[in-house]
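This report concerns only the one structure given below.
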Amino acid sequence: MNINDTVERVTDGADLTVDEAREAARLVFEEATEAQIGALLAALRAKGETEAEIAGFAQGMRDAARTIEPDREPLVDTCGTGGDDYDTINVSTTAAIVAAGAGVPIAKHGNYSVSSSSGSADVLEVAGADVEAEPPAVEEAIETDGIGFMLAPVFHPAMKAVIGPRKELGMRTIFNVLGPLTNPAGADAQVLGVYDPDLVGTIARSLAHMPVEHALVVHGAGMDEIGIHDETVAAEVDGDEVREFTIAPEDLGLDRAPIEAVSGGTPEENAADLRGIVDGSVTGPKRDLILANAGAAIYVAGETDTLAAGVERAAEAIDSGAAATKFAALCGDDEAVEGDGEAASTDSAAASTTAGPEDDD
């Protein structure tokens with residue numbers, strides 16, 4: 001198999017198998033020229049990427065990544081594609097911290113912002129976290145603190161090969177959806193937001209081809225998160241089975257609120273909201289939005305039998321101080337962590353623009 005033959009086949013309308021797509025990704029990262037990469041990406045876009053092709057490219061991207069193997073399970077990631085319609089508070093990042101407070105081991109994959117005001121790396125950097133930590137340090141953090149952050153450019157250096165072709169093409173390609181599928185810690189469970197409701201089923205069926213045990217793929221009426229302003233389109237992946245459904249805020253025991261009530265701002269403003277939500281001083285719609293998404297992470301980890309029960313556990317993690325303790329650990333505030341033994345015990349009881357998740361918050 002060579003890249004030119006693959007481009008020709010895809011241009012003629014042929015679909016690649018998972019294994020063929022995985023090999024095509026290897027060729028992209030190791031051998032292909034920028035012209036060949038651009039031709040393949042454009043051909044896939046014109047044909048329409050299949051679930052098998054997305055899964056194969058994701059596995060090929062994982063093959064090329066710097067990976068870690070923390071001795072914690074089930075590892076959970078809360079990572080979206082970015083590219084949605086709203087600049088909200090940093091949802092997936094805050095939700096990950098709250099879920100960690102509920103005892104869920106978190107391997108958070110993220111990046112700096114591309115087009116939104118504040119990506120996951122932007123807000124965590126402002127808060128004091130070492131967002132560019134090397135793989136061994138992140139592995140240790142997950143094992144010791146129950147939460148670690150993996151910056152996409154640090155863990156996916158092979159993605160440099162596609163920077164030029166993607167910029168020149170100037171359109172969305174298969175790589176716009178791959179970041180959340182390529183967790184370098186091999187997360188067992190995920191809450192994965194997508195920018196287009198039509199992608200929910202496609203990405204869920206792609207995950208069913210991959211070694212992920214339990215996942216929720218969601219689109220919340222314009223958000224790549226579970227929303228509280230309207231119903232969320234969702235697909236649950238349990239092994240190789242996929243179930244599509246909708247989530248209403250009322251199903252989670254939460255009130256609806258207009259999208260404007262959860263608007264974000266600069267990284268500094270979003271970091272202040274993050275801190276306030278995890279320490280309990282920020283309430284109302286912003287807290288509820290985080291509870292919805294943290295509850296989903298707790299659910300896919302197998303800690304609860306329902307999403308609504310996950311929301312209740314998320315609220316307990318905030319109210320007990322456990323979420324604030326995890327935030328302090330992520331930001332390297334050892335004094336705060338050591339000073340809150342009760343909250344800490346909850347865990348034991350229970351080139352950035354193209355390298356991975358884009359605008360994930």
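Here the Cβ of each residue, glycine as well, is placed from N, Cα and C on the backbone.
Residues annotated as anthranilate 1 binding site in Swiss-Prot, with sequence analysis given as evidence: Gly80, Asn111. For Gly80, 83-84, Thr88, 90-93, 108-116, Ser120, the entry in Swiss-Prot reads 5-phospho-alpha-D-ribose 1-diphosphate binding site, with the evidence type sequence analysis. Feature annotation from Swiss-Prot assigns Mg(2+) 1 binding site to Ser92, Glu225; the stated evidence is sequence analysis. The annotation anthranilate 2 binding site is assigned in Swiss-Prot to Arg166 on the grounds of sequence analysis. Here Swiss-Prot flags Asp224, Glu225 as Mg(2+) 2 binding site, drawing on sequence analysis. Here Swiss-Prot flags 338-361 as region 'Disordered'. The compositional bias 'Low complexity' annotation in Swiss-Prot covers 343-355.
For the pair formed by Ser92 (5-phospho-alpha-D-ribose 1-diphosphate binding site) and the residue listed as 'anthranilate 2 binding site', distance between Cα atoms is given as 26 Å, rounded to the nearest Å.
The binding-site residues listed here (Gly80, His109, Asn111, Tyr112, Arg166) include Gly80 as those with a Cα within 10 A of the Cα of Glu225 (Mg(2+) 1 binding site). For Asp224 (Mg(2+) 2 binding site), the binding-site residues whose C-alpha atoms fall inside a 10 Å radius of its own C-alpha are Gly80, out of Gly80, His109, Asn111, Tyr112, Arg166.
DSSP gives Thr88 (5-phospho-alpha-D-ribose 1-diphosphate binding site) a strand state. In this structure, Glu225 is the one among the binding-site residues Asp224, Glu225 with the smallest number of other Cβ atoms inside 10 Å of its Cβ. With all protein chains in the displayed structure included, the most crowded Cβ environment within 10 Å among the binding-site residues His109, Arg166 is that of His109.
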